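Taken from Swiss-Prot, the feature domain 'Thioredoxin' covers 89-173. The annotation region 'Disordered' is assigned in Swiss-Prot to 197-230.
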Amino acid sequence: MDPDAVKSTLSNLAFGNVMAAAARNYQKEVLANEKAQGSNPVNEEVDLDELMDDPELERLHADRIAALKREVEKRESFKRQGHGEYREVSEGDFLGEVTRSEKVICHFYHKEFYRCKIMDKHLKTLAPRHVDTKFIKVDAENAPFFVTKLAIKTLPCVVLFSKGVAMDRLVGFQDLGTKDDFTTNKLENVLLKKGMLSKKKKEEDDEDAEYQESIRRSVRSSENLDSDSD
């Protein structure tokens with residue numbers, strides 16, 4: 001199959017899926033407004049097909065679709081910088097890692113410390129949730145220069161960097177209730193309050209997830225087209 005044709009098909013499928021989602025959202029808004037005004041939405045159904053062909057709807061949602069595409073591109077750019085996963089870095093790479101990203105959460109750990117393993121588990125969960133923040137860890141035994149420079153005395157120690165500057169830190173579990181059974185959400189909320197994570201609205205998460213799924217469906221459809229052509 002012609003590669004350009006595949007790309008065109010993928011783009012059209014993705015756009016169609018997003019527009020379908022937009023139409024469903026618009027339909028919900030219309031029905032909600034009717035209900036608020038005291039009308040009966042059961043007797044005033046909105047035709048989904050008509051909404052899909054409505055140029056006004058396309059205009060209203062064009063900016064949102066473009067914004068979603070920009071967000072996907074932004075996420076890919078972050079991932080190329082090492083965001084989106086919880087990685088171990090060496091002392092030699094440490095300085096470059098914390099200065100190349102605006103927000104960096106770095107866990108100084110010891111491989112034999114039980115509490116460090118607990119912190120590892122939670123940070124590993126948070127890393128893919130918050131792609132705009134970089135999550136890394138450094139073996140304190142193998143990074144004596146920065147352990148001394150940052151005056152790290154207790155492990156686990158999670159140092160919070162903003163634009164290359166250590167702005168704050170979590171020492172042990174002091175900010176987490178001092179017990180070992182704190183939840184990932186507890187840690188997430190602490191990091192949110194300290195400005196290290198960006199809080200997204202639920203509807204933005206839903207829309208982004210739906211857009212990502214539409215892209216995946218389009219890719220699968222494209223692959224099926226390739227198989228059929230064979």
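Cβ atoms here come from the backbone N, Cα and C positions, even for glycine.
According to DSSP, the domain 'Thioredoxin' (89-173) comprises 31 helix, 26 strand, 28 coil. Confidence in the domain 'Thioredoxin' (89-173), given as mean pLDDT, stands at 97.
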